[in-house]
Amino acid sequence: SNSSDLSPSFILAGLPGLEAAQCWLAIPLCSAYVLALAGNGAVLLAVRLEPSLHVPMYFFLCMLAAIDLALATATVPRTLSFYWFGSREIGFAACLLQMFLIHALSALESAVLLAMAVDRYVAICHPLRHAAILTSGATAKVGLLAAARAVLFFLPLPLLLLRLPFCGSRLLSHSFCLHQDVMNLACANTTPSVVYGLAAILLVMGLDAVLICLSYVLILKAVLRLAAWRERLKAFSTCVAHICAVLAFYVPLIGLSVVHRFGKDLAPPVYIIMGNIYILVPAVLNPIIYGVRTKQIQRRILSLLHVTDR
């Protein structure tokens with residue numbers, strides 16, 4: 001269409017040249033989604049049923065699992081309906097809602113990872129004050145503040161796009177809606193959206209990443225002050241699962257950002273693959289990471305499976 005349209009529909013991106021095989025290529029995507037549902041659901045259930053896990057660290061882990069479930073559910077079912085049933089078109093309102101959910105939930109996950117880093121810092125550097133500082137009430141307040149920050153910072157993104165006309169191509173670069181992807185299809189000045197989107201990312205995810213790094217610098221200094229190597233390893237081993245979760249979130253996020261900023265000449269499937277990695281890798285890996293590192297979660301899940309088998 002060459003005419004301007006304030007409420008367009010958009011076309012989700014498929015895999016060029018592989019349209020006939022998309023129904024088969026969707027099977028790994030569906031498998032990863034089912035694994036994410038099962039893994040994060042198992043973590044939530046294990047923490048709920050195991051009294052020894054009713055501490056701030058695992059409350060934050062439950063928040064992380066719930067966010068991963070919500071983020072995957074906001075994107076993957078719609079992608080699968082496209083791959084299996086050919087439903088490529090997504091309405092303007094639905095696209096903006098999906099875009100807001102992706103960015104807000106990502107900001108929320110970043111905040112929870114920061115809170116978990118602070119929890120590890122207090123537990124290692126101020127162990128005697130840990131129970132007094134990070135109470136259940138404080139954990140709930142942190143979760144509410146993180147949710148409020150995510151909404152306040154990322155609600156303007158779809159509102160800014162509502163003002164823009166869209167004309168010409170409606171084809172997205174991903175199988176779901178992202179702010180920069182939708183914004184690039186507008187046929188008007190997008191400077192306010194560009195500036196605000198970049199500022200929001202830097203002030204939320206960027207600042208969180210800096211604070212997480214700072215917390216680990218302080219943790220490392222405290223660990224190195226311990227006399228025995230065994231004590232150092234034991235103290236730092238409590239952070240391994242969290243470090244893996246941070247990498248599982250930030251590495252795909254940075255990779256997707258680099259692809260959008262500097263990968264203009266890349267083949268279209270690269271955008272689609274990077275987008276799916278960004279959505280699903282944390283959701284799939286986090287339950288595995290914490291399941292392997294936490295014996296209470298292992299025991300509770302194995303006991304549930306045993307009961308089910310009987």
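One is the number of the first residue shown, and numbering goes on along the chain from there.
Glycine residues also receive a Cβ, built from the backbone N, Cα and C atoms like all the rest.
As recorded in TrEMBL, the features of this protein are as follows:
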- 24-46: transmembrane segment (TRANSMEM)
- 39-290: domain 'G-protein coupled receptors family 1 profile' (DOMAIN)
- 58-84: transmembrane segment (TRANSMEM)
- 90-118: transmembrane segment (TRANSMEM)
- 130-155: transmembrane segment (TRANSMEM)
- 194-219: transmembrane segment (TRANSMEM)
- 239-259: transmembrane segment (TRANSMEM)
- 271-292: transmembrane segment (TRANSMEM)
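When each of 24-46, 130-155, 194-219, 239-259, 271-292 is checked for Cβ pairs under 8 Å to the transmembrane segment (90-118), 130-155 comes out on top. Contact count against the transmembrane segment (58-84) (Cβ pairs under 8 Å) is highest for 271-292, out of 130-155, 194-219, 239-259, 271-292.
Mean pLDDT, taken over the domain 'G-protein coupled receptors family 1 profile' (39-290), works out to 90 on the 0 to 100 scale.
Sequence-distant neighbours of the transmembrane segment (271-292) (same chain, 6+ residues past either end, Cβ-Cβ under 8 Å): 13-15, 29, 32-33, 35-36, 39-40, 42-43, 61, 64-65, 68-69, 71-72, 75-76, 79, 102, 109, 173-176, 178, 241, 244-245, 248-249, 252-253, 255-256, 259-260, 263, 298, 301. Note on the transmembrane segment (130-155): residues 54, 56, 59-60, 63, 100, 103-105, 107-108, 111-112, 115, 119, 122-123, 200, 203-204 of its chain, located 6 or more positions outside it, place their CB under 8 angstroms from a CB of the stretch. If one looks beyond the transmembrane segment (24-46) by at least 6 residues along the same chain, the residues whose Cβ comes under 8 Å of a Cβ in the stretch are 15, 18, 53, 61-62, 65-66, 68-69, 72, 76-77, 79-80, 83-84, 276, 280, 283-284, 286-288, 290-291, 296-297, 300-301, 304.
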